[in-house]
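Sequence annotations record features per position, and here TrEMBL assigns domain 'NXPE C-terminal' to 22-92. Taken from TrEMBL, the feature domain 'Cas1p 10 TM acyl transferase' covers 253-734. Taken from TrEMBL, the feature transmembrane segment covers 269-291, 355-375, 395-416, 423-440, 446-466, 473-495, 507-526, 561-579, 599-617, 659-680, 692-711, 731-750.
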Amino acid sequence: FKGGDTCEYLLSSGRFLGEKVWQPHSCMMHKYKNSEAKNCLIDKHVVFLGDSRIRQLFYSFIKLINPQVKEEGNKHGNIPFEDKSASIKVDFLWYPEVNGSMRQRIKSWTEGSVAKPHIIVAGAATWSIKIHNGSNEALTQYKINITSIAPLLEKLAKSSDVYWVLQDPVYEDILSESRKMITNEKIDAYNEAAVRILNSSSRNSKAKVKVFSVSKLIAQETIMKSADGLHLPESSRDTNAMILMNVYCNKIMKPIDGSCCQPQPPLTLIQKLAFCFFTLSIIGYLIINFIHRNNFRKNKSCTDLESGEEKKPAISTPNVSTLEMLLHSFCKLGLIMTYFYLCDRANLFMKENKFYTHSSFFIPIVYILVLGVFYTENTKETKVLNREQTDEWKGWMQLVILIYHISGASTFLPVYMHIRVLVAAYLFQTGYGHFSYFWIKGDFGVYRVCQVLFRLNFLVVVLCIVMDRPYQFYYFVPLVTVWFMIIYATLAIWPQIVQKKANGNCLWYFGLLLKLICLLTCIYFLSYSQGAFEKIFSFWPLSKCFELNGNVYEWWFRWKLDRYVVFHGMLFAFIYLALQKYQMISEGKGDPLFSNRVSNVVLFISIVSFLTYSIWASSCKNKTECNELHPSVSVVQILAFILIRNIPGYVRSVYSSFFAWFGKISLELFICQYHIWLAADTKGILVLIPGYPMFNVLVSTFIFVCVAHEISQITNDLAQIVVPKDNSTLLKRLLCIAGFFSGLLLFSAVQDQSRH
């Protein structure tokens with residue numbers, strides 16, 4: 001539990017991750033862009049008041065608004081800055097000493113005749129030490145002067161944000177002769193005086209002068225790189241400026257990855273209703289459980305005193321009723337969702353920014369791959385992409401993606417491109433799996449569709465309600481859901497072509513290929529017609545599902561990025577099942593997939609293709625250009641992997657049960673990581689145990705995996721209840737679900753109106 005105020009931590013404590021990334025204690029710092037800084041500071045007046053160190057901070061601050069600004073002008077005079085497009089005024093006022101002149105300027109803002117600045121950043125001391133040669137009398141005078149201006153600053157703090165910047169340490173070894181009297185001992189004495197005197201008259205008041213002491217910590221790490229021993233290097237003062245921006249702007253802009261200084265979001269109407277529902281479920285389950293326990297005690301076996309044997313109860317324990325199973329599932333789910341909310345919405349636990357290093361990504365990858373090999377078992381069947389093998393594939397891919405997310409490896413382009421292939425491989429399996437099922441089984445019934453849709457979407461719908469996030473925020477689930485419906489529509493519309501029908505007449509194979517060509521044409525058209533795509537998904541209520549930040553661009557981008565790979569999966573399934581039907585491949589235990597010569601040639605080509613793709617991905621220099629090529633070429637590495645994994649008979653006959661276990665809960669792992677393993681909607685890392693990064697990851701990972709496994713069990717249990725096989729019962733349930741979503745849309749509209 002972090003305790004205290006995150007603003008206070010942001011201004012006073014933190015550490016460096018690497019050389020340049022500053023990590024505040026307990027919270028995440030947002031990196032503001034120029035446009036965001038302008039939006040935050042629109043119509044604002046900011047004043048920097050002090051010496052040359054404050055002037056440096058002033059320049060770093062205005063460069064966040066306009067990076068083209070150059071550090072020029074009178075160094076020992078006032079420097080104005082104005083951005084007319086956003087009506088922002090930022091002034092530097094030269095007051096190198098805390099004296100009567102500074103007091104007079106501050107007093108003028110308190111009297112009302114002059115407009116008060118919205119933000120005041122002040123600080124000075126080194127000139128007093130230098131001019132008076134570090135004498136004790138100068139320190140005494142400094143205390144008197146700061147005592148006289150403290151009440152004025154505190155008065156200003158009631159209507160403006162006032163910051164007093166403590167003095168940074170100096171690098172005494174390289175100070176010039178004229179500055180040798182500025183020692184760290186003297187600076188500490190001046191800082192101690194400032195901290196003791198400021199806010200002394202308003203200890204219990206909310207309006208306080210904010211002491212900017214974090215600059216000292218930053219300077220301790222970086223002052224050795226100073227050019228003159230007095231002034232901070234540019235990277236350090238840029239960090240200070242970014243901290244100032246976070247302190248003031250986070251509560252206004254509310255960036256997802258800027259948890260410092262952000263208040264806890266208020267509960268929405270839908271969240272309150274969800275809380276009531278889960279509370280009632282818990283109470284209901286406890287009541288039923290209590291009644292059952294009482295009945296069990298009445299019928300409990302008693303010990304025969306003569307023989308000492310236990311007699312069996314006359315009445316057996318009744319089976320668990322549907323209502324009890326339903327309440328039990330919602331009871332567990334309610335407790336789990338409470339944990340979700342506390343982790344990522346309640347500002348209860350600490351959050352930290354990600355920081356990428358090669359070791360933080362590659363060492364865990366090597367570790368889990370070695371671990372996976374130790375859990376090798378024989379498969380039940382030796383077909384290509386059998387169930388154990390696909391679970392294993394999903395499992396190791398999901399673990400790699402999780403490590404990619406927590407390590408912040410998206411900043412390293414070669415890793416990013418390989419992870420894109422893993423996401424594409426998931427979608428490839430979607431195309432392969434669902435096509436195979438419909439082609440072989442010929443089951444296009446409503447029950448099958450509802451089962452798949454429920455299992456895919458249940459957790460995400462609950463999280464949308466509890467975490468107050470749009471459906472499109474969990475982009476992968478909308479993606480696989482839409483592709484499942486596209487596969488279903490392609491095969492279910494007239495004429496329905498399935499394997500049984502095609503076996504009777506080979507012409508049906510050409511009919512199916514014609515359907516696949518039509519699907520490919522539609523995909524190609526939509527991928528190059530953003531307007532048409534956005535029109536389709538901008539109709540209400542589809543827009544409520546696929547909009548993010550007020551538009552469907554993000555959905556179009558995600559769909560377009562892997563637009564062909566599901567089609568590739570369907571085509572691969574069709575070709576493979578045709579080869580299997582006509583016995584053109586051998587799938588016996590230990591047998592190579594083709595004849596020895598053909599297997600060796602295809603295996604060699606696959607290995608070369610796999611490595612060629614990796615070399616190309618590793619040489620990528622531009623993410624946009626590589627993303628353009630990715631949809632067309634990602635299938636190369638996917639097919640190469642499938643052939644390498646399945647051509648040798650021995651390799652096809654074994655699998656890793658370790659990876660397969662994770663593969664069975666891969667969807668839950670992917671979704672749960674957003675809030676209870678990562679933090680701030682994947683932008684940061686959840687910190688349950690501060691100060692011990694490795695131990696924290698172990699504990700949070702254990703909880704995260706257990707929760708994902710439990711949610712998978714809950715989803716399976718509820719799927720049996722909510723989606724029954726009986727058509728008439730299923731129709732009633734579907735009407736109830738339609739009513740639920742109608743109510744959800746209504747409450748959502750009420751929420752949106754109240755927000756506006």
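Note: Cβ is positioned from N, Cα and C throughout, glycine not excepted.
Across 446-466, 473-495, 507-526, 561-579, 659-680, stretch 659-680 shows the highest tally of CB pairs under 8 A with the transmembrane segment (395-416). Residues 17-18, 21, 23, 395-396, 399-400, 403-404, 407-409, 411-412, 415, 656-659 of the same chain sit 6 or more residues outside the transmembrane segment (355-375) yet have a Cβ under 8 Å from a Cβ within it. Counted with DSSP, the domain 'NXPE C-terminal' (22-92) comes out as 22 helix, 19 strand, 30 coil. Outside the transmembrane segment (507-526) by six or more residues, the chain places 486, 490-491, 495, 497, 501, 532-533, 536, 563-564, 567, 570-571, 574, 578 with a CB less than 8 A from a CB of the stretch. Proximity of the transmembrane segment (423-440) to the transmembrane segment (561-579) is established through 3 or more Cβ-Cβ distances under 8 Å for residue pairs spaced 6 or more apart. Residues 414, 417-418, 421, 592-593, 626, 633, 636-637, 639-641, 643-644, 647-648 of the same chain, all 6+ positions outside the transmembrane segment (599-617), place their C-beta atoms under 8 angstroms from a C-beta of that stretch.
Away from its own ends, the transmembrane segment (446-466) comes close to residues 270-271, 274, 333, 337, 340-341, 434, 437, 473-474, 477, 480-481, 484, 488, 667-668, 671-672, 674-675, 711, 715-716, 718-719, 722-723, 725, 727, 730, 734, 744 of its chain (Cβ-Cβ under 8 Å, at least six residues beyond either end). This prediction places the mean pLDDT of the domain 'Cas1p 10 TM acyl transferase' (253-734) at 92.
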